[in-house]
Amino acid sequence: MVFSKALVLALFLAMNMALPTIATVYTVGDTSGWATGGDYSTWASGKNFVVGDSLVFNYGSGHTVDEVKESDYKSCSIGNSISTDSSGATTIPLKTSGTHYFICSVPGHCSSGMKLAVTVKDGKSSSSSSTTPSSSSSSGKGSPPSSTTATPKANASSSVSRVTPIVVLIVSLISYCVLNMV
């Protein structure tokens with residue numbers, strides 16, 4: 001009996017070590033989506049973007065999602081996109097740490113505020129991330145490209161909860177205690 005309880009505890013601990021943090025899916029602009037008139041710096045402020053998360057851009061015809069270098073983001077220059085999509089539902093997996101820049105390449109849209117900069121932290125980092133406002137200055141180096149894939153429109157929820165390994169450990173310990181009571 002003691003051996004089986006120890007085995008169950010060891011199994012729960014092994015699962016805890018193997019379980020990565022579940023990624024968050026952020027719907028850009030929440031229910032408003034990717035549209036002119038949005039304040040994407042405010043939308044992104046306070047969100048913690050980490051490698052493995054995804055950005056979902058939902059938008060109507062007449063818009064694009066272009067990942068660009070910092071210089072093109074600041075000047076709203078079009079034509080030098082790292083990636084572009086105009087499907088109406090674009091998912092950008094955040095595969096690398098650093099600042100990622102997005103604009104709508106339709107003339108006048110970026111300069112009207114249809115631009116987003118997010119700073120992505122390493123998935124193993126516990127520090128929070130920040131957004132890069134339109135007027136920020138930095139080294140001028142863009143981040144490596146991330147792939148763009150079109151997906152069906154996601155629900156309007158801005159994120160899905162993260163389940164961390166520490167939560168699994170706590171659940172495992174509670175389960176172990178319950179097994180000891182039986």
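Using N, Cα and C of the backbone, Cβ positions are placed for all residues, glycine too.
Per TrEMBL, these features apply:
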- 125-156: compositional bias 'Low complexity' (COMPBIAS)
- 24-122: domain 'Phytocyanin' (DOMAIN)
- 122-156: region 'Disordered' (REGION)
- 1-18: signal peptide (SIGNAL)
- 160-179: transmembrane segment (TRANSMEM)
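Helix, strand and coil counts from DSSP across the domain 'Phytocyanin' (24-122) read 17 helix, 35 strand, 47 coil. Looking at the domain 'Phytocyanin' (24-122) alone, the prediction's average pLDDT is 95.
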